[in-house]
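What follows is a single structure, written as structure tokens, with notes after it.
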Amino acid sequence: MSMLIKVKIQNIGRFLSKMIMPNISAFIAWGLISGLFLHYGWIPSKNLEKIIDPMMIYLFPILIASTGGRLINGKRGAIVGSIAVIGAIVSTNFPMLLGAMMIGPLSGWVVLYFDKIFKGKVASSFKMLVNNFSAAIVGILLSIISFFIIGPCVEKFSSILEYGVNLIVQKNFLPFISVLIEPAKVLFLNNAINHGIFSSLGLQEVKEFNKSVFYLIESNPGPGLGVLIALLLLEYNNKESNSSLRNAAIIQFFGGIHEIYFSYVLLKPTLIIALILGGMTNIFILTFFNGGLISPVSPGSIISILALTPKGLYFVNLCAVIMSFFISFLVSFCILKTFNKNYQNSSKGALQKCEVKDIELNNFMTKNCNNNFYFERKIKKIVVACDAGMGSSAIGAEMLKKIFNDFKIDIIVLNSAIDSIPDDSDLVITHKNLTERAKIKHPNFQHVSLNNFLDNNFYQNLGKSLIKSNVCETNINRNNVIQTLESGIDINNFFFFTKKNIFLNQKAKNKEEAIRFIGSELVKQGYVKQEYILAMLEREKIMSTWLGESIALPHGTIKAKDSILRTGAIFCQFPEGVHFGDNPDEIAFLVIGIAARNNEHVKVVSDITSILDDNEVIKILSSTKNVNYVLELFQKKRLRK
């Protein structure tokens with residue numbers, strides 16, 4: 001799936017969920033009232049039972065239409081949307097949630113277009129009069145259209161949809177929707193699925209049976225917990241990874257923030273099989289034993305699930321959660337043990353980036369999680385943003401605040417939904433799968449990406465970079481901090497590029513051949529011992545050093561640091577390209593091999609990445625035959641004597 005298509009799907013799903021999520025408390029209130037006061041509830045009451053139907057028939061559609069109109073045209077859109085949806089509500093006995101999700105945005109667009117036509121054409125003394133009457137008239141017209149057209153059409157469509165869903169359930173095909181649901185969740189479409197699709201599907205089912213299986217499909221924390229526990233057991237020797245995974249498991253299961261485990265699955269895509277099988281187990285148990293919830297759940301916490309479980313269904317729902325966890329855990333464990341014998345080292349590099357002395361280099365190698373920060377202006381406000389702006393971004397913001405407090409950095413840190421990032425923000429932090437969408441939405445901000453909102457090393461490095469770059473206010477001695485960060489670097493032994501380090505117009509059949517050539521040059525020029533070449537090849541097996549943008553940065557494993565004699569780098573150009581990444585189109589034209597002791601690589605990598613930050617420069621470097629041109633670029637970053 002291309003990035004553009006992914007962003008468009010995320011935007012559509014996000015817009016649908018934005019109409020439901022602000023009103024989720026109303027759904028929960030309705031669910032609790034139903035569970036308590038219906039004739040088969042915990043406290044049956046014929047009088048209080050009368051509250052339930054008006055909430056479902058009138059309150060929900062009006063809230064959703066109002067929210068949809070507000071998203072398009074603020075308060076005027078909300079008012080017109082609320083008026084217009086009444087026509088659809090009274091035109092049928094069918095719950096008009098889907099209709100409200102259409103009518104609300106439509107009303108906002110219509111009144112927005114009306115305002116544009118008459119902008120500047122109404123005298124200021126008549127402006128209030130025109131605004132009030134125009135909203136009323138547009139609302140009435142749309143209400144009539146809703147009554148005669150939209151309401152009946154939505155009813156027919158909903159009937160067809162309901163028939164299709166019932167057919168799938170009767171044929172026992174419902175568990176197979178996990179094949180679509182679980183991959184979509186990992187691509188951050190979880191809120192769109194739960195609130196944009198399942199909320200409306202479940203409402204009619206709740207009306208008939210006082211529960212819906214759809215409310216416990218996406219929100220079940222069991223499959224995600226299974227993946228995290230499998231990773232945790234395989235990381236028991238790595239204290240840093242162990243702590244991160246343990247926290248992620250607690251937050252995911254009890255806090256209901258499912259985005260926490262998405263990053264781990266994206267780093268090991270085969271784990272999606274475990275999520276699909278866990279999801280299928282969940283749906284099978286719920287449909288076979290008639291489980292479900294009385295209301296949409298947000299967040300998807302085990303506490304929320306228990307609170308919204310109808311009387312008599314606790315055993316079934318708990319069974320679904322536990323069994324989906326068990327299946328997901330078992331499959332995850334088998335996948336990790338069977339298909340990756342070097343998992344201990346791989347996860348150490350992929351999930352926690354690597355040990356402290358190699359952390360900046362390895363984070364650069366997963367380019368989307370770049371820790372070589374460059375700041376275009378003074379940083380006064382940082383926003384950690386995610387899809388919904390509540391769960392994972394809130395945790396990330398709190399971690400960043402704590403680190404900034406420790407460093408005594410005076411920067412405002414907020415969390416937000418991508419669509420609601422404040423206009424006065426200076427720096428936006430998002431997950432790598434959401435960064436493109438954030439850039440499209442807010443092109444004027446500086447953006448950085450991470451792989452995991454619990455990545456403490458990322459936040460630590462960001463704080464250090466802010467201090468070193470002198471782009472923030474701080475109450476500590478900046479020179480002392482910089483000296484501490486650069487401790488261990490011998491400036492007299494620092495690396496500079498010369499012509500002998502640059503090789504243009506090279507050819508290699510595969511990346512192993514390219515790495516062997518670079519390694520042999522590192523050996524010839526006295527930077528490393530012979531065994532470092534094997535360490536470079538071993539490092540490539542653990543995780544590809546493909547960076548993206550036609551660049552690869554091969555280097556040895558951490559254990560091979562004793563094979564490094566002094567800091568050095570070899571710049572190689574392969575005009576015909578060398579396949580370096582995991583995907584067929586991940587071809588490297590520029591391959592830079594690095595060997596460094598202590599922290600000496602930090603400056604080298606930082607300067608190299610700043611040079612290769614320009615796509616035009618990359619294109620020229622990929623084909624140039626002029627060694628002096630390459631040296632001139634390095635001269636700008638003082639990487640040439």
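Along the chain as shown, residues are numbered 1 onward.
Every residue gets a Cβ built from N, Cα and C, even glycine.
The domain 'PTS EIIC type-2' annotation in TrEMBL covers 12-407.
Under the heading domain 'PTS EIIB type-2', TrEMBL lists 380-471. Broken down by DSSP into helix, strand and coil, the domain 'PTS EIIB type-2' (380-471) contains 43 helix, 24 strand, 25 coil.
Residues or ranges marked as domain 'PTS EIIA type-2' in TrEMBL: 495-637. Sorting the domain 'PTS EIIA type-2' (495-637) by DSSP state (H, G, I as helix; E, B as strand; all else coil) yields 65 helix, 32 strand, 46 coil.
Taken from TrEMBL, the feature transmembrane segment applies to 20-43 (among others).
What TrEMBL records for 55-72 (among others) is transmembrane segment.
Taken from TrEMBL, the feature transmembrane segment covers 84-113 (among others). Counting residues 6+ beyond its ends, the transmembrane segment (84-113) has Cβ neighbours under 8 Å at 15-16, 19, 56-58, 60-62, 64-73, 76-78, 134-135, 138-139, 142-148, 150-152, 154-155, 157-159, 196, 199-200, 203-204, 207 in the same chain.
Look at TrEMBL and you will find 133-153 (among others) tagged as transmembrane segment.
Among the features that TrEMBL reports, transmembrane segment is placed at 213-234 (among others).
For 271-294 (among others), the entry in TrEMBL reads transmembrane segment. Using a Cβ-Cβ cut-off under 8 Å and counting only residues 6 or more beyond its ends in the same chain, the transmembrane segment (271-294) has close neighbours at 31-32, 34-35, 169, 172, 174-179, 181-183, 185-186, 202, 205-206, 209-217, 219-220, 222-224, 226-227, 230, 264-265, 305, 308-310, 313, 316-317, 319-321, 323-325, 327-329, 331-332, 335-336.
Taken from TrEMBL, the feature transmembrane segment covers 314-336 (among others). A Cβ distance under 8 Å defines the sequence-distant neighbours of the transmembrane segment (314-336), meaning residues of its chain 6+ beyond its ends; these are 216, 220-227, 229-231, 233-234, 268, 270-271, 273-275, 277-279, 281-282, 285-286, 289-293, 302, 305-306, 343.
Beyond the transmembrane segment (213-234), the same-chain residues lying 6 or more positions past its ends with a Cβ under 8 Å from any Cβ of the stretch are 174, 177-178, 181-182, 185, 190, 193-194, 198-199, 201-202, 205, 241-242, 245-246, 248-249, 252-253, 256, 258, 260-261, 264-265, 271, 274-275, 278-279, 282-283, 286-287, 291-302, 304-305, 308, 317, 320-333, 336-337, 343-344, 347, 351.
Residues of the same chain lying 6 or more positions beyond the ends of the transmembrane segment (133-153) and with a Cβ under 8 Å from any Cβ of it are 76, 79-80, 82-92, 96, 99, 102-103, 106-107, 110-111, 114, 118. On the 0 to 100 pLDDT scale, the domain 'PTS EIIB type-2' (380-471) averages 80 in the predicted structure.
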